[in-house]
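Taken from Swiss-Prot, the feature site 'Transition state stabilizer' applies to Arg15, Lys21. Among the features that Swiss-Prot reports, site 'Positions MEP for the nucleophilic attack' is placed at Arg138, Lys194.
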Amino acid sequence: MEVSVLIPAAGNGLRLGRGPKAFLQVGGRTLLEWTLAAFRDAAEVLVALPPGAEPPKGLGAVFLEGGATRQASVARLLEAASLPLVLVHDVARPFVSRGLVARVLEAAQRSGAAVPVLPVPDTLMAPEGEAYGRVVPREAFRLVQTPQGFFTALLREAHAYARRKGLEASDDAQLVQALGYPVALVEGEATAFKITHPQDLVLAEALARVWSA
């Protein structure tokens, strides 16, 4: 794949309470190893690690020191990217199929910006204090995943704009959208869930036993 894969993996995993997620073991492999396996066909893979972390050897990636936030880490990776198309992926989403990568890549090549999404399966409710509040139509919402694909020049412009305006976002699509550039949606996958809480590890361990991308 003629694409630069950017993996911000410099987070400290505070919510999970197990140290940096990149080195968390699931099914006998680290999340970083699972993630890199999903992008083994990419021409370039760049990973941002926590400051002071020892870069793993033999994984076929270039390792850089990450920033204080996810956004800062992606910005550093972007500076090092050498190809005209990038995929940005969270290391906490280790189970990424080749089909999902292909869909995002194809849409990004066509439109310049693309993200995978899933419909919301549960009822969405805005609570009123501690009481049941207004139900929000779930059909109007989507869960946003990674990998997210962009023209490299476009994402660099979006990050530069965010720095000028003092914008901070939880993903890169928000920064591109802030430029007024449309972001295409493609079908996501439930297996590409984000490991955030301890209960997510139970699902991840079960999936690791049967996973084949």
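Each Cβ is built from the backbone N, Cα and C atoms, and glycine gets one as well.
The structure displayed is predicted, hence computed values, not measured ones.
Show me how these features fit into the shown structure, please.
According to DSSP, Arg138 (site 'Positions MEP for the nucleophilic attack') is assigned to a helical segment. Around Arg138 (site 'Positions MEP for the nucleophilic attack'), the same-chain residues at least 6 positions away in sequence with a Cβ under 8 Å from its Cβ are Pro119, Val120, Pro121, Asp122, Thr123, Leu124.
According to DSSP, Lys194 (site 'Positions MEP for the nucleophilic attack') is assigned to coil rather than to any helix or strand.
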If I take the alpha carbons of Lys21 (site 'Transition state stabilizer') and Lys194 (site 'Positions MEP for the nucleophilic attack'), what is the distance between them in whole Å?
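Here the two Cα atoms lie 11 Å apart.
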Would you mind ranking the recorded sites Lys21, Lys194 by how many other Cβ atoms sit within 10 Å of each Cβ and giving me the lowest?
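Sparsest of the recorded sites Lys21, Lys194 by Cβ contacts within 10 Å: Lys194.
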